[in-house]
There are 2 protein chains.
Amino acid sequence: MTENLKYLQTVDGNTWLVEDEAENLKINYRINEVVYQERSPFQHVMVVDSPVFGRMLVLDGIVQTTSLDGHIYNEMITHVPLSIHPNPKRVLIIGGGDCGAAREVTKYEQVEEIDMVEIDELVVKACKEHLTEVSGNLSDPRVNFIFDDGIKHVKKYKDHYDVVIVDSSDPIGPATQLFERSFYVDIHAALKEDGLMVCQSQSPIFHMHILKQTYGYIQELFPISKVYTAVVPTYPGGMWSFTLGSKKYEQVMSDQFDKDTKYVSQDILKQCFALPAFLQAALK
Amino acid sequence: MTENLKYLQTVDGNTWLVEDEAENLKINYRINEVVYQERSPFQHVMVVDSPVFGRMLVLDGIVQTTSLDGHIYNEMITHVPLSIHPNPKRVLIIGGGDCGAAREVTKYEQVEEIDMVEIDELVVKACKEHLTEVSGNLSDPRVNFIFDDGIKHVKKYKDHYDVVIVDSSDPIGPATQLFERSFYVDIHAALKEDGLMVCQSQSPIFHMHILKQTYGYIQELFPISKVYTAVVPTYPGGMWSFTLGSKKYEQVMSDQFDKDTKYVSQDILKQCFALPAFLQAALK
C-alpha cells in the first residue's frame with residue numbers, strides 16, 4: 001500500500017473497503033486483494049477483488065462498478081436509447097471510463113463512430129487491464145477514446161450526434177458539472193434534429209432532488225422526456241434512474257431487440273418506463 | 001441495554017447496527033436509538049430508529065423492514081395476488097409479523113376474513129407499538145391474529161382459502177421450514193379449487209438456489225406459476241423475488257387497480273412479471 005486510505009481498513013487480518021454513505025450508512029466489502037491503485041490528477045483510482053462482487057472499480061472510496069452487476073447499468077444506459085433511435089450512426093459517451101457502455105454500443109452494426117470522452121485516462125487504463133468482465137476486450141476501431149473534459153467536448157459540436165449517453169459518476173468531484181443545466185443545453189445543440197440523449201440520474205430513493213432537477217432540465221429542453229429505472233445492487237437503494245430526452249423518437253422497438261445481454265431483454269425494454277406510484281407522483 | 005449484542009457497536013460515541021451478510025459484506029446503519037428490544041422464545045426482537053431508514057425492525061441482527069421502504073415489499077406481496085384473484089374472500093397470511101401485509105389486504109372490501117398466522121407474538125407487539133409506519137393502526141375486525149406455527153396451521157385446512165400469502169423471513173432460524181416442499185403441498189391443499197398463493201422467494205442475485213428451488217416446487221404443484229420482482233432497498237442486492245402459484249387465474253387486472261399505495265401502480269402491476277434476461281434463462 002503506497003497510501004494510507006481511510007476507506008481501507010484491516011480488522012483481524014481481513015481487509016475491508018468501507019464505503020461511507022453520508023455518515024449514516026456504511027457498506028463494508030471484504031477485500032481479497034487490492035489489484036491496482038494509483039492517484040490520477042482527478043481522483044484516487046483503485047481496482048479491488050472481493051468475494052461477493054468480484055473485481056470492483058473504486059474511485060475516491062466509492063464503488064463505481066463490479067464484475068457481478070456492472071453489466072446491468074451498462075446495458076440499461078445503452079440498449080434503451082439505441083432501441084428508440086431507429087438509425088444511430090454517431091454516438092457520444094461522456095464518462096463511461098469502465099468501457100462497459102462503449103462495449104454495449106459496439107453491438108450495433110449500424111453505429112459508425114463512438115466517441116468516448118472520459119476525463120480520467122487512468123480509469124480507462126485500470127478497467128481495460130484489471131476489470132475485463134466489465135470493459136471487455138474493447139478494441140473496436142469505431143471507438144475513439146478522447147481523454148478530455150466532457151463539458152468542453154460537447155461545446156465543440158452542433159447538429160452532429162444521433163445519440164449522447166451521459167455515464168457520469170456521482171455529482172461530487174469531477175462529475176459535478178455534468179448535472180448542471182448548461183451542460184444539457186450544450187448536449188441538445190450537439191444532437192442532430194432527430195437526436196436523443198440519456199443520462200444516469202441517481203437513486204429515486206436517496207437522491208430524489210437530483211433526479212427531479214435533471215428531469216426538469218431535460219423536460220424543458222426536449223419535446224419528449226422520460227424516466228426509466230433498473231436495479232443496480234451495488235448502488236445505494238438498489239433502484240437507479242435514467243432520464244431520456246428526445247427530439248423526435250419516442251417508441252421503444254423492444255420486439256426487434258436481439259443483442260446478446262445478461263440483463264436487458266425484450267420484456268425489460270417494454271417495462272422499464274413503468275414507474276412506482278411515488279415516482280410518478282414526484283415527477284408530475 | 002440489557003444484553004450485549006454483537007451486532008450493536010459503539011464507535012466514537014455513535015451506535016451502529018452491523019448487519020453481517022455471509023462474512024463478506026457488512027452493512028452498518030447508524031442508529032439514533034434502540035426503541036425496543038426483547039428476546040422471544042424464537043429470536044431477538046428489536047426496533048431501532050435510524051437517520052436514513054427511520055424505524056427498523058431487526059430480528060436476530062437482520063433488518064426485516066423499515067419505515068422508509070417497508071411499504072414496497074408489503075404492497076408487492078399483496079396487491080399482485082389480489083389483482084389476479086377476482087373475488088378473494090378468505091385470505092391467509094403466514095408470517096407477516098410487521099402487520100404491513102395484513103394492512104394492505106384490508107384495503108379490499110370483498111375480503112371477509114384475514115387469518116394472520118405469526119409464530120412470534122412479540123414481533124407483532126413490537127411493530128404495532130413501535131413501527132406504526134409499517135403496521136398502521138391495524139384494528140380491522142376482519143383480521144384474526146393467530147400466534148401459531150404456520151406449518152401446523154395450514155395442515156388443518158382443506159379447500160378453504162382463496163389466497164395464501166407466505167411472508168416469511170430468511171430461510172434460517174424459525175422460517176426454515178417455510179421453504180420446504182411439504183409446506184407448499186399443504187398450502188395447495190388448503191386453497192380452494194380456484195385459489196392462488198404467493199411467497200417471497202429471496203434475492204435473484206444472491207440466493208438464486210432458493211428462488212429456483214421454490215419456483216420448482218410451485219411449478220410442479222400448480223398449473224400456473226410465475227415469478228415477479230420488486231426493488232427493496234434494504235434487502236441485499238436490491239432486487240427481490242416473489243413466486244406465485246395459481247390453480248386457475250392468471251391475468252393481472254391492472255386496469256382496475258385503485259388502491260391508495262406508495263409503490264404499486266397500474267404500471268407496476270403490468271410490468272412486474274417482466275424478468276431480466278439472466279433470470280428468464282435461470283428459470284427455464
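Cβ coordinates are placed from backbone N, Cα and C, and glycine is handled just like the others.
Note that the structure is predicted; figures quoted are calculated from it, not measured.
Residues annotated as active site, proton acceptor in TrEMBL: B:Asp167. In the three-state DSSP scheme, B:Asp167 (active site, proton acceptor) falls into the strand class. Counting every protein chain shown, the number of other Cβ atoms lying within 10 Å of the Cβ of B:Asp167 (active site, proton acceptor) is 26.
In sequence order, B:Gly95, B:Gly96, B:Gly97, B:Val124, B:Phe145, B:Ile146, B:Phe147 constitute the residues six or more apart from B:Glu118 (S-methyl-5'-thioadenosine binding site) in its chain with CB-CB distances below 8 Å. Under DSSP, B:Glu118 (S-methyl-5'-thioadenosine binding site) is assigned to coil, being neither helix nor strand in the three-state scheme. According to TrEMBL, the feature S-methyl-5'-thioadenosine binding site maps to B:Gln43, B:Glu118, B:Asp149, B:Gly150, B:Pro174.
Among the features that TrEMBL reports, spermidine binding site is placed at B:Asp98, B:Asp167, B:Ser168, B:Ser169, B:Asp170. Neighbour list (B:Asp170 (spermidine binding site), Cβ cut-off 8 Å, at least 6 residues apart, same chain): B:Ile62, B:Gln202.
Mean pLDDT for the domain 'PABS' (B:14-247) in this predicted model: 93. For B:14-247, the entry in TrEMBL reads domain 'PABS'.
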DSSP-derived class (H/G/I helix, E/B strand, else coil) of B:Gly150 (S-methyl-5'-thioadenosine binding site): helix
Under 8 Å by Cβ from B:Asp98 (spermidine binding site), counting only residues of that chain that are 6 or more apart: B:Leu57, B:Gln64, B:Thr65, B:Gly70, B:Asn74, B:Val123, B:Cys127, B:Leu131, B:Val134, B:Ser135
Nearest-integer angstrom distance between the alpha carbons (Cα) of B:Asp167 (active site, proton acceptor) and B:Gln43 (S-methyl-5'-thioadenosine binding site): 17
Tertiary neighbours of B:Gly150 (S-methyl-5'-thioadenosine binding site) (same chain, Cβ under 8 Å, six or more apart): B:Ile94, B:Gly95, B:Val117, B:Ile119, B:Val166, B:Ser168, B:Leu178, B:Phe183
